[in-house]
Ligand code: ASP
């Protein structure tokens with residue numbers, strides 16, 4: 001068994017460890033833990049504690065992958081819904097689809113018995129409007145939000161405020177692996193923007209034969225390099241965990257145009273090893289790791305990746 005998650009996972013990490021120890025399968029153990037992160041308003045990037053889009057509406061993204069069947073469920077830009085990772089699991093289990101977005105995802109949430117909640121944290125609402133208001137002239141303020149938003153997009157979008165999405169990777173006692181993600185996405189994102197967190201292969205991927213990977217921070221880069229799949233595919237081609245993570249990291253560093261920023265790659269392999277590397281970041285980020293040899297889960301620091 002192994003469980004790896006990023007630092008934001010703290011409120012749910014212990015729940016997933018307990019579930020894995022009790023014999024719960026990887027998908028369910030990880031979805032349970034991430035639900036506690038989503039419900040905790042102190043986690044300022046996921047669920048209730050997250051950030052709204054440019055027009056002040058919460059739109060959450062989540063993804064679930066079963067590494068044994070390689071089935072995936074994902075929801076993107078879904079309004080008024082928690083827990084979104086559980087909704088992604090419902091997509092995987094109950095629909096002939098992989099991904100639902102926006103109003104369709106909310107409709108499915110209604111059908112599936114999820115409560116509807118605006119989910120806008122008062123502090124997020126205040127910070128959102130304070131920054132936006134400073135960019136708008138009086139006529140634009142009066143017209144808001146019925147005005148072109150694209151001119152403000154580059155000036156206001158702030159991936160640094162969402163550090164991080166929460167990502168969980170795990171392998172249960174039966175050897176089944178899973179990857180689960182959840183986020184509110186970038187603060188002040190253009191409405192409808194999807195990051196990498198609901199995109200299988202970019203923000204998350206799991207294959208119980210080889211390993212699992214998930215990314216945080218600049219989804220606009222990992223979507224272009226299919227980073228999570230790149231890590232697992234490299235292991236399938238025979239590279240070990242370290243080589244696989246390094247190959248995917250080096251590929252990200254070849255991107256020279258578009259929106260560039262920090263990326264953290266989290267990965268585990270089928271033998272119970274793990275690696276967390278941070279690219280283009282100013283400082284290491286922390287993460288949580290647990291294996292059965294550890295008395296307690298441990299908080300550790302990522303490596304700074306040097307190409
Ligand atoms: N990767 C996420 C996204 O692009 C954000 C993050 O993890 O900071 O939405």
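We number each residue from 1, going along the chain as drawn.
Cβ coordinates come from backbone N, Cα and C, glycine included.
Copied from TrEMBL, the annotated features are:
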ACT_SITE  165  active site, nucleophile
BINDING   193, 194, 195, 196, 216, 217, 218, 219  substrate binding site
Euclidean distance between Cα atoms of residue 216 (substrate binding site) and residue 165 (active site, nucleophile), Å: 6
Recorded positions close to ligand 1 - of 165, 194, 195, 196, 217, only those whose C-beta is under 6 Å away: 165, 195, 196, 217
Chain-internal residues, separated by at least six, CB under 8 A from residue 195 (substrate binding site): 61, 165, 183, 185, 186, 189, 203, 219, 220, 223
Other CB atoms within 10 A, centred on residue 196 (substrate binding site): 32
Residue 217 (substrate binding site): tally of other CB atoms within 10 A of its CB: 27
Substrate site span - longest C-alpha distance across 193, 194, 195, 196, 216, 217, 218, 219, in Å: 16
Other CB atoms within 10 A, centred on residue 219 (substrate binding site): 30
In three-state DSSP terms, the structure that residue 219 (substrate binding site) belongs to: helix
